[in-house]
Amino acid sequence: MIIDITEIEAIHSFSRLESLKETYGIIWMLLPILILVLGITLGVLVIVWLEREISAGIQQRIGPEYAGPLGILQALADGTKLLFKENLLPSRGDTRLFSIGPSIAVISILLSYSIIPFSYRFILADLSIGVFLWIAISSLAPVGLLMSGYGSNNKYSFLGGLRAAAQSISYEIPLTLCVLSISLLSNSLSTVDIVETQSKYGFWGWNLWRQPIGFIIFLISSLAECERLPFDLPEAEEELVAGYQTEYSGIKFGLFYVASYLNLLISSLFVTILYLGGWNLFIPNLLGPELFDINKKGKVFGTIIGVFITLAKTYLFLFISIATRWTLPRLRMDQLLNLGWKFLLPISLGNLLLTTSFQLLSL
C-alpha cells in the first residue's frame, strides 16, 4: 500500500485549521464575558469611591485622599488588603457551607448582568424572559446568606442570615409585581423590548410617568434587596456584630462586600432600563429622528453614546441610594416586615390589577 505524503500533510493542515477555528470560536465566545466582568469590576470600584466621597461630603469630612489622586485607588487598596489577609475558618462550623455561601451570593448576582442592555444591540444575551430570569437568579442569593449564617456555627450569624432571608423574601414579591406591570405595558419580558417601547416620545415615553406608583415601590424594594440603609437589618445595632458576615475574613468577606455593591449596581441598571428609558435620550425622536436616534448612528459611536447615557442614569440612582444611606435612620425588624407585607405588597398588587385593566380596555 502506497501512502501519498501530500495527502497526509493536507490532512494534518486541515486538522490544525479546524483546531484553530475551534480555539478562535472559544476565545470569541469568552471575550464578551471577560469584557463584561472587567467593566462590572471597574463599576464596583467607582461606586465604592463615590460612596466614600458622597458620605464625606454629607457629613462634612474629607474622605479618601492619599491612595492615588483624589483617593481613587483606595478601593483597589482595600481589595488588595482583603485578598492577602488570612482566611480563617470556624473550628466547629460547617466548612463546606461556610465556603460556598459567599460564592453563591456573588455568582447569582453576576449572572444577572448577562441580560442588561447597555446600549442598542450591546447585550450579552437578549432573552425573551429576561426580567423574570433576573428575578429567578437573584432569588438564589438568600440561600447563600442562610448557608453562610448556618455554616458559621454562631448564633448571631445564623440570626443575621435568617433576617437577611426574611427581608429578601418580603420585598422580592412587590418588586416582582412591579416588573410584571412593566412587562404588561411593554407586551414583552425582554429587557431590549422594554427599552424600545419607551424610545418614541423621549422623556415623556418613559415608564416613570406611566407607572409612578410602581417606580416608588421598585425603589424601596431594591434598596431593601440590597440591604442598604434604612433597611440594613442583617446587621443589627443591638448586637454589635455584622450578621451573617461575623465569622468571615479575608477574601470571603471581600466577596460579601463585592456582592452588596454588585447588587446595588444591578438594581440601579434595572431602574434605568425599566423606568428611565435605558440608553435612549430624553429628546423625542419625533423632533429630530436623524439627529437624536442612537439606533441609526454608527455601530461604535452609537454604542458608546448609549453606554454613556445608560451609566449616567444609573449613577444618578446610585447617588440617591448613597445619599439615602447617610440621611435616614435604620428601621426595626417589625417595621421592615410590616412595610413589606402590609403596605408595599397590597399597593403593588393593586397597581398590577390597575395596569391589567387599562391594557384590557385598550385592546
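Keep in mind that glycine also has a Cβ here, set from the backbone N, Cα and C atoms.
Just so you know, TrEMBL annotations never went through curation; they're auto-generated.
As recorded in TrEMBL, the features of this protein are as follows:
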- 26-50: transmembrane segment (TRANSMEM)
- 97-116: transmembrane segment (TRANSMEM)
- 122-148: transmembrane segment (TRANSMEM)
- 255-280: transmembrane segment (TRANSMEM)
- 300-322: transmembrane segment (TRANSMEM)
- 343-361: transmembrane segment (TRANSMEM)
Same chain only, please: residues at least 6 beyond the ends of the transmembrane segment (97-116) with a C-beta under 8 Å from a C-beta of the stretch. Say none if there are none.
36-37, 40, 89-90, 123-127, 130-131, 133-134, 137-138, 140-141, 143-152, 191, 244, 247-248, 252, 255-256, 258-259, 262-263, 266, 269-270, 273
Determine whether the transmembrane segment (300-322) and the transmembrane segment (255-280) share at least three Cβ pairs under 8 Å, counting only pairs 6 or more apart in sequence.
yes
Is the transmembrane segment (343-361) packed against any residues at least 6 beyond its ends, judged by a Cβ distance under 8 Å, and which are they?
171, 173-174, 177-178, 180-181, 184-185, 211, 213-214, 217, 220-221
